[in-house]
Amino acid sequence: GRNCSFLQEMDVIQKQDESCYCYVQNRTIHLQYVWSTLQVKVNSREMFRFEPISEKSNCRNSETVFEFAACAVQVFWKPETATETRVSVKQYGEDICFKIQPLKTELYIVSVKREMLDGKLLFLFIAGIFLFHFATSLSRSTKFFYLCGIILGVLALLVFVLLMLKRFIPRHSTFWILMSGCWMSSLYFIYCFKENMQWLWSEHRNYLLGYFLAVGMTSFAACYQHGPPATELSISLFAWTLQLTAFVLIYCGVTIPQVAYAVIAVSLCSKGLCYPLGAACHIGRKMKNHFISKKLVFKHLTEEEYREQGETETIRALEELRFFCRNPDFPSWLAISKLQSPHRFADFVLGSPHISPAETRAHEEEYGIGSFFLEEQLFETGTESEQDDPANSIHEGDEADEDEMHKQISFPYATELL
């Protein structure tokens, strides 16, 4: 029933008399305005009275708990006088109306400007997402517990004091009635503090810093004396409280309620689907490794690695052979009947070396230092360089005869294979 002026974006209105103004929200949803707000600024040289006008003054038509709390706060809110005030209007919130009452006949200016990206809304949204996904780990952090205690003591002092005095309240019903009253008083205090933050900081900065310092230190001392939550039930309650607070931050961090509901639903689903998704990823990796053949990679060994691997594999194969021969199912009599030296085979099975000292000496004489084979390898290059020597053919003939003689020499125990 008021004759109010309707505000639009980029409006600049200058008046001297008392008047009321309204901004009607745009009902068409655009996602680019999800963090966009309208800043309504009123300034004048003289003092004026700014009075919000709520269409839901009886608080009966409030759709959510947050709207009911804001309406209840506005019922007790008394208009204040100032020379400058700012109002932040969400793009898809409720219609807002306010009245300007100049105390003197002086010109005042009402300007409307859009802020496409409100840093406060973006900060609240990101903080809510972070708090929800890390609530479980943060609930077990001692430092975060002390930080939450300090914040609760500064912003909701009555709630903090009531929680500290909970053990002295015998009945739960009395405690919850007092808690409801403390929360309503704290919401009213937070609303007043938010509206007058600029004035308090400019006029009463020392008192404000003193309040923060005194209440913060007292809250930290109380939390330190009480200690962080120790039982699993208290830790779970703390984590659920953090997640509920995260939902409030997400809801307050966007201008479109539908987007807030969708983000909250996706967050809840992501918490519940982490285990099925992990199992599906594990099964997918197993199936991928099963159906996709692995590419063979060949590694070339050095001479030293080849010798070490040969020695290691030889020792392992001999031990496996001894274990196989000691097996009761091994046909020992059939094997002994085919061997030329059964006693040597028995000594090998019982742990003796598979090469005798005579074989070792023969191998050293044949291939060791100063052997005929080594001399032949050393002087082979010198022999090939003397191709023009007339006696070369005779020397080659002698070497051929020596090779024939060397091939005819039988190596000891060459016919016996183990």
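Cβ coordinates come from backbone N, Cα and C, glycine included.
Summarising the annotation, TrEMBL assigns region 'Disordered' to 381-406.
Under the heading transmembrane segment, TrEMBL lists 121-138 (among others).
According to TrEMBL, the transmembrane segment annotation covers 144-163 (among others). Here the transmembrane segment (144-163) has Cβ contacts under 8 Å with residues 138, 175, 178-179, 182-183, 185-186, 189-190, 211-212, 215-216, 218-220, 222-224, 228-229, 238 of the same chain, all six or more residues outside its ends.
Among the features that TrEMBL reports, transmembrane segment is placed at 175-191 (among others).
Sequence-distant contacts of the transmembrane segment (207-225) (same chain, at least 6 residues past either end, Cβ-Cβ under 8 Å): 145-146, 149-150, 152-154, 157, 160, 164, 200-201. Under the heading transmembrane segment, TrEMBL lists 207-225 (among others).
Residues annotated as transmembrane segment in TrEMBL: 237-256 (among others). Remote same-chain partners of the transmembrane segment (237-256), defined as residues 6 or more beyond its termini with a Cβ less than 8 Å from a stretch Cβ, comprise 29, 31, 33-37, 66, 90-93, 121-129, 131-132, 135-136, 138-139, 145, 229, 263-264, 267.
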